Amino acid sequence: MSVKGMAIVLTVILCAAIVQGFPMFKGGRCLCIGPGVKAVKVADIEKVSIIYPTNNCDKTEVIITLKTHKGQRCLNPKAKQAKAIIKKVQRKNSEKYKNI
């Protein structure tokens, strides 16, 4: 293989290695699309999942699973209800790990 051919192959390999490190889309793969709802009836909440920022998604997501097969809703993490839920979960987790 000629020097010119080797240079082209090396350039392609380097470009592929560099491109592989970049995210495909800004923000990655967040589960919530858009800001989410501001509030949900407390009586309808079955489960709360809080997903903190990661390499895949740069925002905090609050996902509420509703009772009676009504599905899931994303709660706006800046909303008053979401802030209260996050605070409660953090307090519960800190008490849980405090006893270890």
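The backbone N, Cα and C atoms fix where each Cβ goes, glycine too.
As annotated in Swiss-Prot, CYS57 shares a disulfide bond with CYS30, one of the listed residues CYS15, CYS30.
Secondary structure from DSSP puts CYS57 (disulfide bond) in coil. Taking a C-beta cut-off of under 8 angstroms and a sequence separation of 6 or more, CYS30 (disulfide bond) has the following same-chain neighbours: ASN56, CYS57, LYS59, GLU61. Counting every protein chain shown, the Cβ of CYS32 (disulfide bond) has 20 other Cβ atoms within 10 Å. Non-local neighbourhood of CYS74 (disulfide bond): LEU31, CYS32, ILE33, GLY34, GLY36, VAL37, GLU61, VAL62, ILE63, ILE64, each in the same chain, at least six residues away, with C-beta under 8 Å from its C-beta. Cβ neighbour count for CYS57 (disulfide bond) (all protein chains, 10 Å cutoff from its Cβ): 16.
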